[in-house]
């Protein structure tokens, strides 16, 4: 509508509905809201009832804590029909959604499209990283095609449905109580890392479709799933405006910053998106990538150094071979190095890099590894440690051949 958001009668007989992603009183720079103009408002549904489906949890006490270095082989995609919702599995996390502070890492494995059903997350934002197979995601704001080497963010409360075309797998970082944003650049200056112009948002798309047999709206609420029925498609938003939207980004558009003299810059230079905590400079969660780039540092051990960290580091591999673990760390798999648990390159990588001729070289060509890094101490679920049957129990052996060179 011209001039105002909520006229007495909307054009075309539509209903006005606001979706708020922040408190009304947030500063203008962080105030998130969009106005949706829809054929019927989203309130027209039957009561929600518990839905016993999927493997989502925020119970972080299912099994005893495990401080070891953990690595998973590629997560298995089922042969039986399974869509995006029924294929969600929580791997690790911390905090809880009721207190609006925490994160969860989920794996999705599916082979079937969501038919006459959609999902929305009352708990937080989903950052979705497809690893195998593309996702056609229909949202209330329009459609997004998201392929491997792209990411998308579906923010809190946004209804979406996922169509797939083959066996499909990927990773999800969920944050409670914060939204993802671009990191501050500081001395880097105005240009570098992920640039705002490369983030894409959907164009309005709608269907005026009745579903006499019932359309299922699924809510993830306080870590559990609930389902309600309605007799029309929820994707009936004819137009929208605002700054609270789903969006996608292609990882090849990341402008890498790196050392050109000696030593390593910290891996924070690879941060694509961050969800800030209440402590300045400390992230609730960062999404970090390790893209193809040039390595030119003089007199420097170039792979990642041995490290103990006050943050939790969850890594996944979209494609290729990760430079510090060329064997064992596979696309579709993952690793978790918990707070203060030592980690670093395997023995083969150390020996090779220690003797390599230092000349300009392309690093990670044909590869895309990523990291979900968090200031929270992550607990692993029973599914992650046991039921998935993907845990690599020999991971620790990759460091056993390391020997003393002390002279």
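In case you wondered, yes, glycine gets a Cβ from its N, Cα and C as well.
Feature annotations, reproduced from TrEMBL:
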ACT_SITE  264  active site, proton acceptor
BINDING   307, 313, 343  Fe cation binding site
BINDING   322, 343  homogentisate binding site
DOMAIN    1-251  domain 'Homogentisate 1,2-dioxygenase N-terminal'
DOMAIN    253-406  domain 'Homogentisate 1,2-dioxygenase C-terminal'
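Within 8 Å of the centroid defined by the CB atoms of 307, 313, 343, the record's Fe cation site, lie the Cβ atoms of 304, 308, 309, 337, 341, 342, 344, excluding the listed residues themselves. One residue stands out among the recorded positions 264, 307, 343 for having the most other Cβ atoms within 10 Å of its Cβ: 343.
Per-site Cβ counts within 10 Å over the binding-site residues 313, 322 peak at 322.
The distance from the Cα of residue 313 (Fe cation binding site) to the Cα of residue 322 (homogentisate binding site) comes to 15 Å. For residue 322 (homogentisate binding site), the nearest neighbour among the listed recorded positions (264, 307, 343), judged by C-alpha distance, is 343. A straight line from the CA of residue 343 (Fe cation binding site) to the CA of residue 264 (active site, proton acceptor) spans 16 Å.
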